[in-house]
Amino acid sequence: MGRGRSEIKRIENPTQRQSTFYKRRDGLFKKARELAVLCDADLLLLLFSASGKLYHFLSPTVPNVKEFVERYEATTHTKVWTDIRQERRAELDKVGSMCDLLEKQLRFMTVDDGEQYTVPSLEVLEHNLEAAMRKVRSEKDRKIGGEITFLQNIIRGRQEERYGLCDKIAHAQTLKDVECGSTSLSNGLDLKLGFN
């Protein structure tokens, strides 16, 4: 009697799901091994379980995963992973060019006594220094404005706190006056009625 086809859907029972995973994983690795041996195919099989555990199969003809992935990248003209050294080298080149640019700007903004400057080059230097001063002043004004706003918010908070305390004191004083007034009123009433 043959096995019936089962509907392919997620298995709800976790124990049964894990058991099925291990059985099918072993069957998949067996088929991969057979394909690699029978057809002399280079094969890399990566499998992550639901818990994130990695299982892999690499055919005997492939020396290592890195070489296999590099072959894949060359064939498909896509990048699977990037070399960290290349990324760092590119970042260092970018920072180096930025430093060169800043040094050039700094050299341009300083005046050497031994240099002979023309009037137009001095005007350009003056214009650049004025632009830099405007930037510095605007940043300073922005920072000062931020500090002023921060301090105003603190003052506003303290004033609200003070008003709240004053309201509580006034309310307490009113309650005290009402209590004192009712006591004196009852004493006055007692006197008039002759209960003393």
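Using the three backbone atoms N, Cα and C, a Cβ is placed for every residue, glycine included.
Keep in mind that what you see is a predicted model, and the values were worked out from it rather than measured.
For 1-61, the entry in TrEMBL reads domain 'MADS-box'. Taken from TrEMBL, the feature domain 'K-box' covers 85-175.
If you take every residue in the domain 'MADS-box' (1-61) and average the pLDDT, you get 87. Across the range of the domain 'MADS-box' (1-61), the DSSP-based residue counts are 26 helix, 10 strand, 25 coil.
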